[in-house]
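J.: A single structure is presented below for examination.
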Amino acid sequence: MTTPTRVLVLNSGSSSVKYQLLDMRDTSRLAVGLVERIGEDTSRLKHTPLAVEGAETREFEGPIADHAAALAAVAAELAKDGLGLDSPELAAVGHRVVHGGKYFTVPTVIDDAVLKEIKRLIPVAPLHNPANVMGIEVAMELRPDLPQVAVFDTSFHTTMPESAARYAIDVATADEHRIHRYGFHGTSHAYVSRETAKLLGKAPAEVNVIVLHLGNGASASAVRGGRCVDTSMGLTPLEGLVMGTRSGDIDPAVIFHLNRVAGMDIDTIDALLNKKSGMIGLCGDNDMREITRRMNEGDDSARLAFEIYVHRLKKYIGAYSAVLGHVDALTFTAGVGENSTAVREAAVAGLEGFGLAVDPVLNETRADGARLISPPAARVAVAVVPTDEELEIATSAYALVRG
Ligand code: ADP
């Protein structure tokens, strides 16, 4: 009998499912794809079978009613390439689960009790955990015999000391309602901080790293010797850096003001801060490529948005330098961090006093893998490390099921 070596990674959102099938012998991708606009008439499935020589991406548009139908469609696509979910070569399904609270500190094989706890966290993750639960339940129905592993966005941050993880509010109220700084993007921060250590030729335990995960959502973390000691997102992914559509840090009294003075109800304010703020609120665009293009053409609102974005980044770099005391590396990752030379240059400009500098040529040089962009003599390494949350989920899930 063959030893199963494949892991299917599922990232289920409220109206989408992203997936990758990996072969863990060499961590190669056998297939990748996504289903979007689930529940609408114009749902879309995009499937790329990488394992099949010469096979092309297949796309379909049409109604896909729910997550069960979406996963059935994905299974059918995989089966066409001989990669079906009924294959004995499948070792596990790894699920991205956004909120694991304080309880899930490591990837966990899902049983009824685990599923119940993930559901119990829905009040603190109302947008994400219900979709994650749907993905898990559908996958369990499809292959009840297969280990299903939950990998939580919050786990990496459970090592934060109470001093960083607690808000300074009434303790009894905080405890009763589980109001706590949980942090998110943990799989990325874990993977990228480890890869940064590798790039420096050291063990994770030997280095202190500040990771800037700058995608549409954005967060910073301070990682001391491989353990997270602070992160910028909190109870929800709204806190911290300026993001594509989220405000990041604001005075909470802005909310009272919008309610009492501007007459907005709480759901309107929620949508304003999560969906209509950040870069889109400031300048009407949330894609950093478009923002830098406009800025270079002399657009003032794009420039101001960029400056606000960078100012917040600098504040977190400074804060986390102080939290860590000694910094070995500052690492940029995710869509903006990996690609925007302008953001990297501006975020580090003027921080020579912190030992931080970017070499302009290295910063401009495009490359696929992890790389240093600081001058060779710099006191603190500045790195670009492509994140790979799917690989991290697959690796964790596979390690767990293989023992
Ligand atoms: P998500 O949070 O959706 O996973 P990503 O990490 O994929 O986001 O990042 C998406 C963002 O990355 C885009 O909105 C865009 O702002 C930015 N981005 C992608 N490519 C580039 C580029 N070449 N230059 C600047 N920014 C880029």
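Backbone N, Cα and C atoms are what each Cβ position is placed from, and that goes for glycine too.
Caution: TrEMBL annotation is automatic and unverified by curators.
TrEMBL feature annotations, pasted as is:
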type     : residues                                                                                                      : note
BINDING  : Asn11, Glu389                                                                                                 : Mg(2+) binding site
BINDING  : Lys18, His213, Leu214, Gly215, Asn216, Gly217, Asp287, Met288, Arg289, Gly335, Val336, Gly337, Glu338, Asn339 : ATP binding site
BINDING  : Arg96                                                                                                         : substrate binding site
ACT_SITE : Asp153                                                                                                        : active site, proton donor/acceptor
SITE     : His185                                                                                                        : site 'Transition state stabilizer'
SITE     : Arg246                                                                                                        : site 'Transition state stabilizer'
J.: Counting other CB atoms within 10 A of each CB, which of the binding-site residues Asn11, Asn216 comes out lowest?
T.: Asn216
J.: Within a 10 Å radius of its Cβ, which of these recorded positions (Arg96, His185, Arg289) has the fewest neighbouring Cβ atoms?
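T.: Sparsest of the recorded positions Arg96, His185, Arg289 by Cβ contacts within 10 Å: Arg289.
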J.: Anything from the binding-site residues Lys18, Asn216, Asp287, Glu338 with its Cβ under 6 A from ligand 1? List those in sequence order.
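T.: So the answer is Asn216, Asp287.
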J.: How far apart, in angstrom, are the most distant Cα atoms among the ATP-binding residues Lys18, His213, Leu214, Gly215, Asn216, Gly217, Asp287, Met288, Arg289, Gly335, Val336, Gly337, Glu338, Asn339?
T.: 24
J.: Using all protein chains in view, find how many other C-beta atoms are within 10 Å of the C-beta of Glu389 (Mg(2+) binding site).
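T.: Looking across every protein chain shown, the total is 23.
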J.: What is the interatomic distance between the Cα atoms of the residue listed as 'active site, proton donor/acceptor' and Asn11 (Mg(2+) binding site), given in whole Å?
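T.: Just about 11 Å between their Cα atoms.
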J.: Tell me the Cβ contacts of Arg246 (site 'Transition state stabilizer') under 8 Å, same chain only and six or more apart in sequence, or just say none.
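T.: When sequence neighbours closer than 6 are ignored, Arg246 (site 'Transition state stabilizer') has Gly217, Pro237, Leu238, Leu273, Asn274, Lys275, Ser277, Gly278 within Cβ distance under 8 Å.
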J.: I'm trying to understand the geometry here, so how far is the Cα atom of Glu389 (Mg(2+) binding site) from the Cα atom of Arg289 (ATP binding site), in Å to the nearest whole number?
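T.: That comes out at 23 Å between the alpha carbons.
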